[in-house]
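Enquirer: After the structure tokens below, expect a handful of questions from me.
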């Protein structure tokens, strides 16, 4: 009898410890039962797509020239190779004349410092103001930077004359001793783009392939027809030189922008784009220029709404903000690189309790995370969105964050079978 009692003692505590897991699991199943037939969700998505297309067709795009800003701004445009070559040659001729006149030479470089940037609410993006600084060769503090600038101009001139594209890494390895590290050549590349008034892609210098796309999209890549429904779970790499992409065709109802490769692969393997016609795009973390350009082309040319799926942490929101408002590093080209009206679908801080994500799947925020969240709250583009402010304040108050993969605690396909369909059904986005 005493042996039986000893064996029975752990039972109540064991059953109590299992309750939270059972509760979360049963709640997850209850949410599954809330799903309406796919036809109803598709009908709602069709209305969203039609409204987005109608708005894009009726609204005239607002540009800086349409606004009466107190400060003048600097923006770049796409230029063809011959125009960029002539701009470089005119710049070098002015340098030569300055040297021959005995005045030495100096480059007038637009400042890309944070103090020279402005968030414009009417455009919902960051722009670069028109302040410049001098980069003289005959100065110990700037001689190296001036030399690198001259070298980069020379290399770009040669690339454009050959009508080829090179990577930023290729550019760096042409003169490793001078550049020191790739950050130096990359920074000067952006300076040169500003100086010449052209987009970085106009310089024919690109980053290595990073972003991928899968789903209901067909396009031509340098003349080759690409069907993104036949790309497997890895998707089609987004070409680094976007100018070779043409003929975009799609029957998608929306674009799903995904922060991470793991979630992208889940969506691709489950053929989520066939159940809910969409185009799925990811840059596998921090967005590169090619992915941002490609996303904007999808948005503008196909007139589709863009919904975003990122981690519930400050860095997921920072990544989303780059797609929406632009990066401070490339504010001079924000007109070509941003999609201001992206809708934040998830994972949001409020979702952690709403979907009862288990405590063991939530991560404590570090002091650095909290600081990053508070810094975001000070950004102008966040302040104008009440929903973002509430979500960020909740994140900082609870000091909890979670990755998209936390939803896998309910099943590996919970993301595609329950979470996203329910989000779409409820039109639950900001």
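Yeah, the Cβs are placed from backbone N, Cα and C, and that goes for glycine too.
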Enquirer: Region 'Disordered' per TrEMBL: which of the ranges 1-30, 31-60 is that?
Expert: 1-30
Enquirer: Minimum Cβ neighbour count within 10 Å among the binding-site residues 259, 311: which residue?
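Expert: Comparing Cβ neighbours within 10 Å for the binding-site residues 259, 311, 311 has the fewest.
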Enquirer: Looking only at the domain 'Spo11/DNA topoisomerase VI subunit A N-terminal' (144-205), what are its DSSP counts of helix, strand and coil residues?
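Expert: Result for the domain 'Spo11/DNA topoisomerase VI subunit A N-terminal' (144-205), in helix, strand, coil order: 48 helix, 4 strand, 10 coil.
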Enquirer: Give me the Cα-Cα distance between residue 259 (Mg(2+) binding site) and residue 173 (active site, O-(5'-phospho-DNA)-tyrosine intermediate), rounded to a whole Å.
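Expert: Cα-Cα, rounded: 31 Å.
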Enquirer: Long-range same-chain neighbours of residue 173 (active site, O-(5'-phospho-DNA)-tyrosine intermediate), Cβ under 8 Å, sequence gap at least 6?
Expert: none
